[in-house]
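Features reported for this protein in TrEMBL:
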DOMAIN    101-245  domain 'TLC'
TRANSMEM  20-36  transmembrane segment
TRANSMEM  48-72  transmembrane segment
TRANSMEM  92-114  transmembrane segment
TRANSMEM  135-159  transmembrane segment
TRANSMEM  189-210  transmembrane segment
TRANSMEM  222-242  transmembrane segment
Amino acid sequence: MAEVVVIPGLELGKLAVSPWFMAGATALVTACDAVCRRVDAEAGAEQLRLSNAFAASFALVMSLMSLDYVFLQLGQGSWEEIEAVLHPSRGVALGPSEAAAGLRICVMMFAYMVSDLVERVMYSQLDVRMVTHHLACLVGLVLAIGFGHSPVYCVALSISELSTPAVCLFEVIEAEGSRMAKFMDPTGYTLNVVFPVRVAWFSWLCWIWISELQPQDLEGPTRNSLGVGCVVVLTLLNWSWYLQLLIGT
């Protein structure tokens, strides 16, 4: 992958967005998530509706914003343009407004990942794969927000959150058992449709970015190799969840 500096004059380690915006967004999302989880906790151990509704809604909005950014704003609805944007070697440059729009999505995704990670720690829901997923996402997002990498890569991966509402509904169904049993089959069918698309999207992007690594990226840790490493980890995690889904169904 080529080094991509999207903000002219951006220094390494200097935030490309206002730290106040970043802190405010993270605090607001974390507070909303905390309230939802508190309400669910008071309703009973099996109640996960409000927290999952919040997660599903936020993820859906982020996914649609990411789709609009990559496919319409940058790709202009043309598959050739979309491929060019996703291939670093094509040298597609982002203008200041395009970079700013992508970075805003990255900040909101950063807030979402931090909030969920914090709540998982507070409620001792430390699933190894999910924690690893969130940490890999955060590393990639920090590369975009603070180290000059194009936000396109993180935003493109965020499109996969389109499958999150189905995952959240399935979690609620599992927790509530017989009360939600009638929704089990439709949700299972939906997951078996959307999750293969999610895995295929991750795998395709992973292949693109691995194939564009430069020789120097293979000689030692670089920002590019670190970013691609995060994508590899995320791809493997999604494959593991997909295999679990197949075995379970």
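Heads up, the Cβ atoms here are built off N, Cα and C, so glycines get one too.
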Selection from 20-36, 48-72, 135-159, 189-210, the stretch that has most Cβ pairs under 8 A to the transmembrane segment (92-114): 135-159
Cβ-based contact of the transmembrane segment (189-210) with the transmembrane segment (48-72), 3 or more pairs under 8 Å: no
Chain residues outside the transmembrane segment (20-36) and at least six past its termini with a C-beta under 8 angstroms from it: 50-51, 53-55, 58, 107-108, 110-112, 114-116, 118-119, 122, 145
Tally of residues which DSSP labels helix, strand or coil - the domain 'TLC' (101-245): 129 helix, 0 strand, 16 coil
